[in-house]
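Positions annotated as domain 'Nodulin-like' by TrEMBL: 8-251. Among the features that TrEMBL reports, domain 'NFD4 C-terminal' is placed at 340-558. Feature annotation from TrEMBL assigns transmembrane segment to 72-94, 100-126, 138-160, 166-185, 206-224, 236-256, 354-372, 384-405, 417-440, 452-473, 485-504, 535-554.
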Amino acid sequence: MAGHESRKWMILVATIWIQAFTGTNFDFSAYSSELKVVLGISQVQLNYLATASDLGKALGWSSGLALMYMPLWSVMFVAAFMGLFGYGIQWLVILGLISLPYFVVFFLCLLAGCSITWFNTVCFVLCIKNFPSNRPLALALTVSFNGVSAALYNLAAIAMKPSSSHNYLLLNAFIPFITSIVALVPILRQPPVDPLPSDAIKHEQLIFIVLNFLAAITGLYLLFVHSTDSSTARFIFAGAILLLVIPLGIPGIIYARDWSHRKVFSSFTLEGSGFLLVDADDLEFHKEFLSRENSQINVTSYGNGPTLTLSLTRIIGTGGAHDEGCCGKIFGKGQLFMLGEEHKAGLLVKRFDFWLYYLAYFCGGTIGLVYSNNLGQIAQSLGHSSMTSTLITLYSSFSFFGRLLSAAPDFIRLKLYFARTGWLAIALVPTPIAFFLVAACGNEVTLQAGTALIGLSSGFIFAAAVSITSELFGPNSVGVNHNILITNIPIGSLVYGFLAALIYDNNAAAGAATFAQQMSDSVVCMGRKCYLSTFVWWGCFALLGLVSSVLLYFRTRPAYERFEQNRRTNLLD
C-alpha cells in the first residue's frame, strides 16, 4: 500500500515538472523583437503570431479526442514533438539558417501553442485520476507551476548566453521534450486507484499544505535570486532545479504519517474545509436542504443525472421580499438558484451569468496574458530594453503567486467564508490600477510594479477559473464548459493585441513618438506615446471586467450562501 502511495506522489511531482517547463508561451516577448526584425514584419503582423500561439487553446478539445484512442504517455510525446517542431523551426528561422514565408511561421506558432494545451490535458488527467478526493488541490498546485516557466527559461537562457534572445526558442523546443522523457517512468507505473478513508484524505491534505509551502519557497527564490552573469545564473538555475526535485522526498513523509498526525496535523482544522469542488454528495445534501427551505421543489431527471425544477412561493435573493422592485426583478432574472447544477453547452450560452463570467475573464486574465506577450516591445519603446528579462521574471513569479493564492479561500473557509465569485472580483482590482499607473508614469519602478500587479491578478484568475466553472455550471460538464470559456483567450489576444499593434504602428509612422527607428523592414517605435493610449484602453477594459465580476458576485451570492449554510448544517448533524 505504501508503495502505491509513493508512486502516486511521484506522478504528482512529474506533473509539477511538466507544468513548470511547458508554459513556453509566456516567454514570447523575450524573442519577439528579434523575430520581428528577422521576418521584417509590422507590429500588427507580430501580434498575429502571438494570437496564433494562443489559438492553440481553442484547439484544446483535440487532446481530449486523442486520449480516446491513444495512451496517455503517447499524447504527452505528441505534444513534445509538436513543440519541438514548432519552436525548433522558428529557431532556425531566427538564426537565418532557413527562410520561410510569413504564413508558415504563423502555422509553426499555432502548432507550438497547441502543444501547450496537450501537455495541460495530460496533467489534468493525471491529477484527476490519481487524486480523486483532493483533485482541486492537485490541480491548483500543478497549474501554479506553469506560472514559473518564464522565470525558469529566463535563467536557462542567461546561463547559456545573456545577449542571445533566440536561445529561448531553442530551450522551448528541447526542454519540454527532455521533461517528457524524465516523466515517462512515473506515468507508466501509475498505481491502481482505491477509495481512501477519511483519515487518509486528511493526510493527503496535510501533504498538499507542505507542497504549497515548498512551492512558495520556489517562487520567492526565482523572484529574488537572479543574475545577468552566465556563470552565476548556472548556479541559480541549478538551485531552482533542486527545489523542483525536493518534493521527491514525499514518500518519506508518507512513512512518517503517525508523527505528522500527532505533531502537526492537529494544529490544522481541515475537516469540512471545502477543498473539494462541488461533488455528488454535497449536491445531495444541498437538495435536501432546498427541500426544507422552499415551499415546492420537484426533482425530475434529464439525461444522466437529476436536476431541480423549482416552484417557489417567494422571491429568492439576497434581500427576500424587499427585492420586488423593478431593478430587483431585472437584476434577479435568470439568477442561478443552486451551485453544481449541470449545464450543457446549449443551456450554458443562454445564461446571463455565464456571459458576465466570460466578460470578467476576457477583461481580466486574458488582457494580462496579452500584456505579457507585449512586454518586449513595451520595455523597448520606453527605453528599458535591458529590463525585458527582469519584467518577464516578475510577471512569471507573481503569476505563480497568484495561482497559489487561488487556494487561499479554501484554507480560510471556516474562519472567513466568501463566495468564490467575490474572490474573483477582488482579484480583478489590481489590473486596472496597474494599467493606469503605467500610463501615468512610465519609469522603471512603475513598470515593474504594474507588471507584478498584472501577473498576480491574471495568475489568480487562471487558477480559480476551473473551480468557478465547476461550481456555477456543474462538475460533470466542466471539461466542455471551461473550453467554451477560454475561447476568449484567442479572441482577446487578437482584439487587444491588434489594438496595441495598430496604435504602435500609427505612432511610429506618424512620428508621434519621440523618434522611430528603421531596422531592416520593421519599424521600432520609441517613446511613451507608443503604448500610452493602449494602456488607457486596456485599463478601461479591465474596469469593465471588474464591474462584470461584481455583478456576477451579487447574482451568485445567494446560491453560495445557501450552499455554505447547508454544508455547515450537515457538519453539525
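Easy rule for this one: first residue shown is 1, then count along the chain.
Every residue, even glycine, has its Cβ placed from backbone N, Cα and C.
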Report task. Take a look at 166-185, 206-224, 535-554 and tell me which one has the most Cβ pairs under 8 Å to the transmembrane segment (384-405). Result -> 206-224
Query - Same-chain residues at least 6 beyond the ends of the transmembrane segment (354-372) whose Cβ lies under 8 Å from its Cβ atoms - result: 26, 28-29, 50, 54, 150, 343, 348, 378, 392, 395, 399, 421, 424-425, 427-428, 431, 451, 454-455, 457-458, 461-462, 465, 468-469, 472-473, 485-486, 488-489, 491-493, 496-497, 500, 538, 541-542, 544-546, 548-549, 551-552, 555
Query raised in the report: Which whole-number mean pLDDT does the model give the domain 'NFD4 C-terminal' (340-558)?
Result: 83
Query raised in the report: Residues of the same chain, at least six outside the transmembrane segment (452-473), with any C-beta under 8 angstroms of its C-beta?
Result: 136, 139-140, 143-144, 147, 277-278, 336, 339-343, 348, 351, 353-354, 357, 361, 364-365, 367-369, 371-372, 394-407, 420-421, 423-424, 427-431, 433-435, 437, 481-482, 485-486, 556
Report task. Could you pull out which residues elsewhere in the chain have a CB under 8 Å from any CB of the transmembrane segment (417-440), counting only those six or more residues past its ends? Result -> 357, 360, 363-364, 367-368, 402, 406, 409, 446-447, 449-451, 453-454, 456-458, 460-461, 464, 467-468, 471-472, 532, 535-536, 538-540, 542-543, 545-546, 549-550, 552-553, 556-557, 560-561, 564
Query raised in the report: Which residues, given as numbers and ranges, are at least 6 beyond the ends of the transmembrane segment (535-554) yet have a Cβ under 8 Å from it?
Result: 318, 331, 353, 356-357, 359-364, 367, 370-371, 419, 421-422, 424-425, 428-429, 431-432, 435-436, 438-439, 496, 499-500
